[in-house]
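As structure tokens, the structure follows; a few thoughts come after it.
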Amino acid sequence: MRGHRTGEFSMYKRMSSRDFTVAADVEDNSVVSQSIPGQEITNPSWRLSFPHVLAATISAFLFGYHLGVVNEPLESISLDLGFNGNTLAEGLVVSTCLGGALIGSLFSGWIADGIGRRRAFQLCALPMIVGASISATTKTLAGMLLGRLLVGTGMGLGPPVASLYVTEVSPSFVRGTYGSFIQIATCLGLMAALFIGIPVREIAGWWRICFWISTVPAGILALSMMFCAESPHWLYKQGRTAEAEAEFERLLGGAHVKFAMQELSKLDRGDDSDVVHFSELLYGRCFRVVFIGSTLFALQQLSGINAIFYFSSTVFKNAGVPSDLANVFVGIANLSGSVIAMVLMDKMGRKVLLLWSFSGMAVSMGLQVVVASSNMLGSGTLYLSVGGMLMFVFTFAIGAGPVPGLLLPEIFPSRIRAKAMAVCMSVHWVINFFVGLLFLRLLEQLGPRLLYTIFGTFCLMAVVFVKRNVMETKGKSLQEIEIALLPPE
């Protein structure tokens, strides 16, 4: 459903402006001219779809916030709830939400296809509100874990639905830019959690306020979705043509509705079954695109990005930099890279950013290996290590962070898009969990030099994989992408 609509959207917008077309698109533009004689086609205003995209990214903000909300307050939480010094319990408080996120992501595709994108966002907000409220009021470790588990289900559901929604409602000429908003919102959520957690050591019980605060954006998300457009692609697939036209008018403007609906009707061949079986994602024609998507997310996590986040505070401390200042530096590097990605996504393209990003991450890991191998001691070596880590975070945010979440909804055929995203996000969460679980043990057993070498190797493998398997989707309609990756049988 989404693919059809997005494809139409993208093709329509791409063809509409000669400024945004490439030589390969000339033939498509001529087709458009023939289909609507004498009508000049221009890009729709980005301002129409912008508020809807902005509302959707609140889910990404919440995702980032809940990832970071227990970082600063964890010691206070453990003291108040009586598990101080129990490292297993502390680890569970941090990671239980990852288990919930796996559950949420597994069902995200079926939920988004079953009840629509807007209601999926509202359903995502509900466990976040309930879970955060339980965490804020609990007096036991069990209550905290239950709250974190519920919050995690919302965290797992939100990001894939946000990627789908943004892809489906965005004009193709700004689809990459809008897709980058998700990463930026995640960064802002992480930074907000760290900032709000600062008073936790001075004010007793402040950690409860940190959880209560998260219910505000969750409530705004649920409320704002009542006023946002539903995906016209999903509506059209449900047979609700009049509603799809109305939503196209809200997102594109009245002058573009007729053309968008014409494209939808062309793409709807009527030969696709509405039921997508799990086996279809693992075998046959769809296996290749699901494999590409799953591998991209796997390599993203195996690059060591979350492990670097976990270990960065120790490196900064060794360099004499306070942990709160270290968090600020990492946050600035992450946000700066994300903003640059937003600017370049629709100019340089997805594939180029991925190649640059993974290459830069490999170089950064190389710096860490050099530092770990050096017999020299002193501030120069330590600051080189700090610089390498900031470079790693920065280059990750330029491509490896934001691109997979945008690229995958583009390369998946419309019929399987939601379910395929669910499978790929599940791979992401499983590997994320094990990297976080095993990192400290591996660091202890293997040492930093070998461990960073392994991370750097995965970054180089990602460069080779992207070069050989990922197609550029910048400016292309979803229909063109689908035909290129899945030629008709």
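Every residue gets a Cβ built from N, Cα and C, even glycine.
Bear in mind that TrEMBL entries carry predicted annotations, made automatically and left uncurated.
Transmembrane segment is the annotation TrEMBL gives to one range among 144-166, 328-350, and that range is 144-166. Comparison of 178-200, 289-313, 420-443 by number of C-beta pairs under 8 angstroms to the transmembrane segment (48-68) places 178-200 first. Taking Cβ pairs closer than 8 Å, the transmembrane segment (206-228) reaches residues 51-52, 55-56, 58-59, 61-62, 65-66, 69-70, 73, 76-77, 80, 118-119, 121-122, 124-126, 128-129, 132-133, 135-137, 147, 151, 154, 193, 196-197, 199-200 in its own chain, all 6 or more past its ends. Beyond the transmembrane segment (383-408), the same-chain residues lying 6 or more positions past its ends with a Cβ under 8 Å from any Cβ of the stretch are 159, 163, 166-167, 175-176, 179-180, 182-183, 187, 293, 296-297, 300, 303, 305, 308-309, 312, 315-316, 318-319, 321, 329-330, 333-338, 340-342, 344-345, 350, 353-361, 363-365, 367-368, 370-371, 420-421, 424, 462, 470, 473. Between the transmembrane segment (178-200) and the transmembrane segment (289-313), fewer than three CB pairs separated by 6 or more residues in sequence fall under 8 Å, so the two stretches do not touch.
Beyond its flanks by at least six residues, the transmembrane segment (88-108) meets 66-67, 70, 74, 77-78, 120, 124, 127, 131, 141, 144-145, 148-161, 418, 421-422, 425-426, 428-430, 432-433, 436-437 of its own chain at Cβ-Cβ distances under 8 Å. Here the domain 'Major facilitator superfamily (MFS) profile' (52-474) has a mean pLDDT of 86 out of 100.
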